[in-house]
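Pulled from TrEMBL, these are the features on record:
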type	residues	note
DOMAIN	1-147	domain 'Major facilitator superfamily (MFS) profile'
TRANSMEM	6-24	transmembrane segment
TRANSMEM	36-54	transmembrane segment
TRANSMEM	60-81	transmembrane segment
TRANSMEM	93-116	transmembrane segment
TRANSMEM	122-142	transmembrane segment
Amino acid sequence: DVSDSVYINAIIVSGTSVIGYIIISATINKLGKKPTLIALSVTSGFTSLGLYFAQNSVTVVALSAINVTFLGICLNIELSVVVDMFPTTLRAIAISITLMIGRSGAMIGNVIFPYLLTLGCMPPFVLIGAVVLSCTGLAMLLPKTDLKALE
């Protein structure tokens, strides 16, 4: 039997995502894509690591909400940067390759996670945090595409 708190927590995480998307859509042009991407992905990486140290369900829900919201926003910002970087004739394939690589990483993660869990609870959290923070490093290499004319 599933507790009602499971559904309530899922609603809280989803509601936070909706609020996050509304806020970011109103502020992204003022902040810029690249700085926003970097700030949100750093925060998301540390919330991923922080989930391991959470002491109660309220903290887990709060960190999960921040993590899910910021990672979703980062994905959309990344896709908009990809659209800005490539000419019209290559945009569809560039986005397709970007999404394919992300899904491939998810499949690899699903294979690796059971092995990480045999090592303990901490390795999966560290892996997720490290991957997100390493992606932040890669995001720093992206060109600034704000107010760039589409080709």
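Yeah, the Cβs are placed from backbone N, Cα and C, and that goes for glycine too.
In TrEMBL, annotation is done automatically, which means it is predicted and not curated.
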**Report entry** Tertiary contacts of the transmembrane segment (93-116), as residues 6+ beyond its ends and Cβ separation under 8 Å
**Finding:** 75, 78-79, 82-83, 85-86, 123-124, 127, 131
Query raised in the report: What residues in the same chain, six or more past the boundaries of the transmembrane segment (6-24), come closer than 8 Å to it by Cβ-Cβ distance?
Result: 36, 57, 61, 64-66, 68-70, 72-73
Query raised in the report: Per DSSP, what is the residue tally for the domain 'Major facilitator superfamily (MFS) profile' (1-147) in helix, strand and coil?
Result: 127 helix, 0 strand, 20 coil
Query raised in the report: In the same chain, which residue numbers or ranges, 6 or more beyond the ends of the transmembrane segment (122-142), come under 8 angstroms Cβ to Cβ?
Result: 34, 37-38, 41-42, 44-46, 48-49, 51-52, 71, 78, 81, 85, 105, 109, 112-113, 116
